[in-house]
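Taken from TrEMBL, the feature substrate binding site applies to Arg60, Asp116, Glu117, Ser118, Lys158, Gly175, Asp176, His253, Ser254. Annotation comment: TrEMBL describes His129, His154, Asp155, His227, His253, Asp286 as Fe cation binding site.
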Amino acid sequence: MDDVFIDAFFYGNDDEANKRFRQRLLEEQAPQEEEEEREIAIVEVDFFVPENNAFGNSFRNYQDSLRRIAVEELYRTNHAFQTYEFAMAKKEEYGRLEKGVMSIWECCELLNEYVDESDPDLDEPQIEHLLQTAEAIRRDYPDQDWLHLTALIHDLGKVLLHPAFGGEPKWCVVGDTFPLGCAFSEAIVHHKLFVANPDGRNPEYNTKLGIYIENCGLENVAMSWGHDEYLYLVAKGNNTTLPPAALFIIRFHSFYALHQGGAYTYLMNNEDKEMLKWLHVFKKYDLHSKSKERINEDEVKPYNLSLIEKVRSTFIEL
Ligand SMILES: O[C@H]1[C@H](O)[C@@H](O)[C@H](O)[C@@H](O)[C@H]1O
Ligand SMILES: [Fe+2]
Ligand SMILES: [Fe+2]
């Protein structure tokens, strides 16, 4: 068992075991290192962006991908049931971070069991996607270790699928995310399927601004519930020292209607507009690193463990 933990992650249902791990962590916790100044700069990089995905199709092709039917079915349910009330209730429930504790690496390994059915571009286990993204971004940004770690963990919220985390159905774990409490944009994947969503008939929620005011900031927007929001709650709840850009990536990387479709810009404040560039950077690796070429887990594990080690004092909540 590695000695770095994310709270909210289980270690069985055994409270005693949880307590013992927490105690051990307290005892073992290294003295805080001086926060070094982080250089966060976007540089021109030359990642080879492939045109085709693992199946030889263009990326994010929702019309005629090999996985079209399964993907569409997932969004049918997602668009019907993701309401403002639903997402709020999930946020409240999971925001308590009561599921337990577990190491970040163990959590990655848990995702070995899951293939993301909302994804037209990849049918490999999710741990492969984490490693592919992290390795691709590391190649182009060798000095930005926070980006490597962000890539490694960005989809860990998908553990919601695991019975120990509630065994949530796929439609409220994976897939693109979108704001709730205001009108659904046509830029959202399979937007026609929102006809079945009661919020679309609610006059409080179905106008351009709905419950929001112009430029209120994405921080104040209720997003549909899924792996992004869950991991964001976990990172915040554990007082992460990852930079704000990492949290922004974690929380909004599935918000394609914004970072690819250019919709909902009127909800952004100036800070969000600054941050948006990181979603563009991240997307390149998150999306285009998907391939059939497997990463050798044993080879990259030591480096990733060293990254995890660096934030050990961050990723625990006691
Ligand atoms: O199918 C994918 C997958 O679930 C990703 O993890 C998510 O970030 C994307 O936005 C989504 O379209
Ligand atoms: Fe994701
Ligand atoms: Fe991803």
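Cβ atoms are placed via backbone N, Cα and C, with glycine included.
TrEMBL does not curate its annotations; it predicts them automatically.
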Could you tell me which of the binding-site residues Asp155, Asp176, His227, Ser254, Asp286 have their C-beta within a distance under 6 angstroms of some atom of ligand 3? Asp155, Asp286
Which chain neighbours of the Fe cation site, leaving out His129, His154, Asp155, His227, His253, Asp286, have a Cβ atom within 8 Å of the mean position of the site's Cβ atoms? Leu130, Thr133, Ala151, Lys158, Asp228, Ser254
Candidate nearest Arg60 (substrate binding site) in space, where candidates are the binding-site residues His154, Asp155, His227, His253, Asp286 and distance is Cα-Cα: Asp286
From the binding-site residues Glu117, Asp176, Ser254, pick the residue whose C-alpha lies nearest to the C-alpha of His154 (Fe cation binding site). Ser254
Using Asp155 (Fe cation binding site) as the reference point, find which of the binding-site residues Glu117, Asp176, Ser254 has the shortest Cα-to-Cα distance to it. Ser254
Nonlocal neighbours by CB distance (under 8 Å) for Asp176 (substrate binding site), same chain, sequence gap 6 or more: Ser118, Ile188, Val189, Ser254, Phe255, Tyr256, Ala257
Indicate the candidate from Glu117, Asp155, Asp286 with the smallest number of other Cβ atoms within 10 Å of its Cβ, considering only these binding-site residues. Glu117
For substrate, with binders Arg60, Asp116, Glu117, Ser118, Lys158, Gly175, Asp176, His253, Ser254, what's the maximum Cα separation in whole Å? 19
Determine the Cβ neighbour count for His253 (Fe cation binding site): the number of other Cβ atoms within 10 Å of its Cβ. 25
Filter the candidate list Arg60, Asp155, Asp176, His253, Ser254 of binding-site residues, keeping only entries whose CB is under 6 Å from an atom of ligand 1. Asp155, Asp176, His253, Ser254
In all the protein chains shown, the tally of other Cβ atoms within 10 Å of the Cβ of His154 (Fe cation binding site) is 25
Please report the number of other Cβ atoms within 10 Å of the Cβ of His227 (Fe cation binding site). 26
Ligand 2: which of the binding-site residues Glu117, His129, Lys158, Asp176, Asp286 have a Cβ closer than 6 angstroms to it? none
Can you give me the same-chain residues 6 or more apart in sequence from His129 (Fe cation binding site) with a CB-CB distance under 8 Å? Asp116, Leu122, Asp155, Ser289, Lys290
Only counting partners 6 or more residues apart, tell me which same-chain residues put their Cβ under 8 Å from the Cβ of Lys158 (substrate binding site). Leu111, Tyr114, Asp116, Gln126, Val173, Val174, His227
